[in-house]
Amino acid sequence: MASKAGFEASNHAIPCNTTVPGYKCVTPVLGHYLEPGTISLYISSLSSILSFFMSLSISAVADHGSYRKTLLIAFSVLGCINACAFFIIYKPSLFWVGAILSPLGWTFFNIAGVFSHSFLPLYGRAHPEVLSAESRGESLAIIRKIQEQKINDLSAMSVVVANIGSVLIHGFCIGISWSMKESSLSLEIAIAFSGVWWLVWMVVIAPWLDARPNEPLPEGTNWVVYSWSKTYKTLTSFRKLPEIFKFMIAWFILSDGINTIPAILFIILYRELAFTHTHSIIISVLLALMASLGAYLFMVIRKYWSLTTKFMILLCLGFYSLLMAYLVIAPYFSDKAGLRTVGEGWACTVYIGLIISTFYSSMRVMLSELCPVGDENEWFSLYLLADKGSSWLGPFVTGAIYTYVHDYRKAFWFPLGLIVLGVIVLLRVDVDLGKDQAREFAREKKERCRQGQQQATGYFK
C-alpha cells in the first residue's frame, strides 16, 4: 500500500506504477521520501519498541493468581479486534493506518506468546515421568535430565502442532489471494481471518488449560508500577543469578541476528526477485512445513544421542552461520550467486525453515531450565524484552546499509557478526550451575515471603 501511495524514484511527480516488474518507487513520510522496503523495516523497529514497554508494564502481574491464563485470553481478544480493523485501509493513502495497526497487532501477539510460553516450565515440572522420578527418590541430576528432555519434547511437539495449524490457515489465505487476483482486499480478509482463527482456538482450549495459580496479587496493587518495580528487582539480582543473565545477554544478541536474516531475505525476494503476494503466502506455508519437519527431525536426533539443549542451540547457530557465510562471500566471486536467482530464494527459504523452529524452541527450553520457580512469566517477559529490545537494531541497520550502499545483500554481514558474538557469550553459560542458582533463589524468595506473612500476622494480633 505504501508503494501504491508513492512516486517514481527518478521523478517524484509521476505516481508509482506497481504493475511494472522491478519498479523503483519512494513514498513521502513526514516530509521525507523513503523506499517502501525501508518503511516496513522501521515499522518492525516500532513494533519491537512497543512490545518492550507494554510487556514491561504488565509482565509480573501474570505470576500471581490465575492472571497468566486470564491475560492470555484478553490479549487474544485484542489481537482479533486489531486484525479485523485492517479493513479500514480501503485505499493506498491510508497506509499509515496499517503502520499503526501492525505494531499493535505484533504487540498483542508477542505478549500473548509470553503468557503461553510461561506454561512450559510449569508443565515440564509437573510431567508424570518427572513426578515418578521424584517419588522414586532419584538423584537431582537424573530428575533434571528427565525434566530437560520432557520440556524439550513438549516444546518441539508444540512447534509441530503450531505449524500444522499455520499450514491450514495459510491454505485458506492462498485460496482467497488467488480467487481475488492478489488484491489488497484479499490480504485484509486473510489478516482478519487469522485474527478470528486465533481467538476461536483460544476459546476452544481455554476450559482445558490448567491455570496453576500462584499466590494472589495484593489488593489495590497498581499493575504497571508493580511490574516495573518487580522487573527492576529482578534485574538487580544478577549477582545471585549470573548464569541466566549470561543467557539473556546471548539471547539479546542472537535474537536480533536471527530475526534480521528473514527480514533481509524477504525484502530481496519481493523487491528484486519479483515475488508476489501469493508467493509470500506460499513461502509462509513452506516455512511452516519445513519448520514442522525440522523440529521433528531435530527432536529425533536429540533423543537418539541424548543431546543437551545447549548443544542443539549451538548446532542450529552453526547451520545459520554456514548460510550467512555463503550469502556474503558468494557475490564476490559470481554475479549469479548469493541470492540472485529465484531458485536460491526458494532454497534459502527451505533451509531456514528446517532450523528456525528448533533454534527458538531450544532457547525457550533453556530459559525454562534456568528460571526460578514462581517467576516463570516474569522471566519469559524479560526474554521477550531482550528479543524486542534488540530486534529494532537489525532492521534499522539494514535500512541504513541499503541507504548508503544500495545493496541489501551486504546487510547479511550484520547478522553474521551478531551470531558469532552470541555464540561466544552462550558458550560461557553453565546450565547446571544456573539450575542450582535458580533453585536457591526460589528457596530464599519463599522463605522471605513466609517471614513476611508471619510478621504481618503478628502485627494484626
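Using the three backbone atoms N, Cα and C, a Cβ is placed for every residue, glycine included.
All TrEMBL annotations are machine predictions without curation.
Positions annotated as transmembrane segment by TrEMBL: 39-58 (among others).
Among the features that TrEMBL reports, transmembrane segment is placed at 70-89 (among others).
The annotation transmembrane segment is assigned in TrEMBL to 95-115 (among others).
Sequence annotations record features per position, and here TrEMBL assigns transmembrane segment to 154-177 (among others). Here the transmembrane segment (154-177) has long-range neighbours at 120, 123-124, 127, 186-187, 189-190, 193-194, 197, 201, 277-278, 281-282, 284-285, 288-289, 291-292, 295-296, 298-299, 357-358, 360-362, 364-365, 368, meaning same-chain residues at least 6 beyond its ends whose C-beta is under 8 angstroms from one of its own.
Sequence-distant contacts of the transmembrane segment (189-209), counting only residues of its own chain at least 6 positions beyond either end whose CB sits under 8 Å from a CB of the stretch, comprise 69, 72-73, 76-77, 79-84, 86-87, 105, 119, 165, 169, 172-173, 176-177, 180, 281. TrEMBL lists 189-209 (among others) with the feature transmembrane segment.
The transmembrane segment annotation in TrEMBL covers 247-269 (among others).
Positions annotated as transmembrane segment by TrEMBL: 281-299 (among others).
If you look up TrEMBL, you'll see 311-333 (among others) marked as transmembrane segment. Remote same-chain residues near the transmembrane segment (311-333) are listed as 152, 254, 257-258, 261, 298, 302, 339-340, 348, 351-352, 355, 358-359, 362-363, 366, 409-410, 412-413, 415-416, 419-420, 422-423, 426-427 (criterion: CB distance under 8 Å, separation of at least six residues from the stretch ends).
Residues or ranges marked as transmembrane segment by TrEMBL: 345-367 (among others).
Here TrEMBL flags 379-405 (among others) as transmembrane segment.
Per TrEMBL, the feature transmembrane segment maps to 411-429 (among others). Same-chain residues lying 6+ beyond the ends of the transmembrane segment (411-429) with a Cβ under 8 Å from its Cβ atoms: 243, 246-247, 249-251, 253-254, 256-258, 260-261, 264, 310, 313-314, 317, 320-321, 324-325, 327-328, 394, 397-398, 401-402.
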Result, the transmembrane segment (345-367) in contact with the transmembrane segment (95-115) (3+ CB pairs under 8 Å): no
Within-chain partners of the transmembrane segment (345-367) [C-beta distance under 8 Å, separation at least 6 from its ends]: 117, 120, 148, 151-152, 155-156, 158-159, 163, 244, 247, 251, 254, 258, 261-262, 265, 268-269, 273, 275, 283, 286-295, 297-299, 309-310, 312-313, 316-317, 319-320, 323, 327, 339, 379-380, 383, 431
Same-chain residues at least 6 beyond the ends of the transmembrane segment (70-89) whose Cβ lies under 8 Å from its Cβ atoms: 1, 58, 61-62, 95, 97-98, 101, 104-105, 108-109, 111-112, 115-116, 184, 188, 191-192, 194-196, 198-199, 202-203, 206, 209
